[in-house]
Amino acid sequence: MSTHKAALCKVQILKLFLISARCVRITRFYGVCGLSTSTPASSPKVCIVGGGPAGFYTAQHLVKTRTDVQVDIYERLPVPFGLVRFGVAPDHPEVKNVINTFTQTARHARCSFHGNVRVGKDVTVEELQEAYHAVVLSYGAEGNRTMGVPGEDLAGVYSAKDFVGWYNGLPRNRELRPDLSCETAVILGQGNVALDVARMLLSPVDILKKTDITQHALDALAESSVRRVLIVGRRGPLQVACTIKELREMVNLPGTRPEMEASEFEGIAETLKSLARPRKRLTELLLKAAIETPGEEELEKRNKAERAWGFRFLRRPLEVLPSTDLIRAAGIRLAVNRLEGDGEGVRAVATGEVEDVECGLVISSIGYKSLPIDPAVPFDGRKAIIPNTMGRVQQTAGLYCSGWVKRGPTGVIATTMNDSFDTARTLLQDIGKGTLDVSSVKPGSQGVSALLEKRGVKPVSFSDWEKIDSEETRRGETRGKPREKMLDVGEMLQVARA
């Protein structure tokens, strides 16, 4: 934005703020839901972009640590909680319990939620910077890493992100309609998301129907012909990226049996003593499932199983093979790798051999990536993160970042919590040292709300979200589920404004 345009933007926000000054004074005197009646006019005002775990954890630390800070969370969807709502597997309700903590934060007197606001479109980051003392970008990773191989645009090939969004009710993925008429599915990637997808494909419907999986996904999975899932990785058993919890769930999944190549585990048992305890436990469980002779009870269970899963190691995708009509996926060609190096420096190197696997469903689980949100915000396209130092966006005073857009899409929710707390601490330290000036009066949400009103944008408050929450819970109860998620943004807004 030019200096002239930036100046006009600043004047516009200040005018809107002065026009609403009387309203602001009345609000401070009488108080409204979500605002503190004791917050002085010069208190620090912080805007957080993104209503997922990173945003809520950043807000939590700010309002708990400093008693005068006012925090506003802006989220593009009408519903909060981001990856907890749309990324956590339906059969992991215990992970979603963190929503209770986020709800407490959203109900805090000095924290407000503003859903249905698209930062970068409805309001720019520069406009937010004019309205707040600090802006924290916590909007996560909306993009997918692509395989970059021929055939990945064929029907029957999906990203894990889109597939997860489909069964978890992300509005943008509600029309995905994956074709599950094939017998074999191949998942590329061996992290927790890959195992979540495998588990959803193979889980008995009687288990899934008690979760908050969307009804359209449940109906599709009930009719699925998928009976075999291969989970493919480019490195070996000692580098598998999932955690022991997710692996144990696969091993114990009712109605399934593991099918793996014993040759891929040669020499692994001899390395156990040298492994760190978490990796050792994971590898022991993997070896038990792959090559140990099962006991009588386990053998009977496996013999009765109608579905199978297994890891395939040292394989890299070369091409998705098309059907005879060149429309659908009919298989995948894999390069066979070998490992070179030791320890953390081990790398996969192609041997020149290839292997073709017949399959009608290919799901790529090779990672998410963040995307730029606004031309005014620096972005490292190669690393797919906002360049930062301890959460401070480089060369941009008053702008911070937390979560995946800060460090990349890695780790579990606890990792994001610690990362977000770190950014909040950095911001508060800057206030304490005076490097972040909070002495001037900023309009905060009052100024932004005036801008949004002029542009015809109606934000969704947290109390509005609670109407959606109640209706989803009611619909779920009629089906014996925790909730039945709304899939259409228009319907969400209609319920919120009823």
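First residue shown is number 1, and so on along the chain.
Just so it is clear, glycine is given a Cβ too, placed from its N, Cα and C backbone atoms.
Here is what Swiss-Prot says about this protein:
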TRANSIT   1-37  transit peptide
BINDING   A54, E75, L83, V119, W404, G411, V412, I413  FAD binding site
BINDING   Q190, G191, N192, V193, R234, R235, E246, G411  NADP(+) binding site
COMPBIAS  469-488  compositional bias 'Basic and acidic residues'
REGION    469-489  region 'Disordered'
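Taking the features listed in Swiss-Prot, we show where each one sits on the structure.
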{"residue": "A54", "record": "FAD binding site", "Cβ within 10 Å": "31"}
{"residue": "E75", "record": "FAD binding site", "Cβ within 10 Å": "27"}
{"residue": "L83", "record": "FAD binding site", "Cβ within 10 Å": "20"}
{"residue": "Q190", "record": "NADP(+) binding site", "Cβ within 10 Å": "25"}
{"residue": "G191", "record": "NADP(+) binding site", "Cβ within 10 Å": "20"}
{"residue": "R234", "record": "NADP(+) binding site", "Cβ within 10 Å": "22"}
{"residue": "R235", "record": "NADP(+) binding site", "Cβ within 10 Å": "18"}
{"residue": "W404", "record": "FAD binding site", "Cβ within 10 Å": "29"}
{"residue": "G411", "record": "FAD binding site", "Cβ within 10 Å": "14"}
{"residue": "V412", "record": "FAD binding site", "Cβ within 10 Å": "12"}
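Counting only same-chain residues 6+ beyond the ends of the compositional bias 'Basic and acidic residues' (469-488), those with a CB under 8 A from a CB of the stretch are 85, 93, 168-169, 171, 174, 209-216, 495. Under 8 Å, Cβ to Cβ, and six or more positions away along its own chain, V119 (FAD binding site) finds V49, Y74, R76, V125, L128, Y139, I373, D374. The most crowded of the binding-site residues listed here (V193, I413) is V193, judged by how many other CB atoms sit within 10 Å of its own CB. Listed in sequence order, N192, L195, D196, R199 are the same-chain residues at least 6 apart in sequence whose CB falls under 8 Å from the CB of E246 (NADP(+) binding site). The shortest Cα-Cα distance between G191 (NADP(+) binding site) and any of the binding-site residues A54, L83, V412, I413 is the one to V412.
In this structure, R234 (NADP(+) binding site) belongs to neither helix nor strand by DSSP; it is coil. As a summary of secondary structure, the region 'Disordered' (469-489) carries 10 helix, 0 strand, 11 coil according to DSSP. V193 (NADP(+) binding site) sits 11 Å from V412 (FAD binding site), counting Cα to Cα. The shortest Cα-Cα distance from Q190 (NADP(+) binding site) to any of the binding-site residues (A54, E75, V412) is found for V412. In this structure, the CA atom of W404 (FAD binding site) is 24 Å away from the CA atom of R234 (NADP(+) binding site). A sphere of 10 angstroms centred on the C-beta of N192 (NADP(+) binding site) encloses 17 other C-beta atoms.
Of the recorded residues, L83 (FAD binding site) and R235 (NADP(+) binding site) place their C-alpha atoms 28 Å from one another.
A gap of 19 Å separates the Cα atoms of G411 (FAD binding site) and R235 (NADP(+) binding site).
Comparing CA positions across the binding-site residues A54, E75, V412, I413, the one lying closest to R234 (NADP(+) binding site) turns out to be V412.
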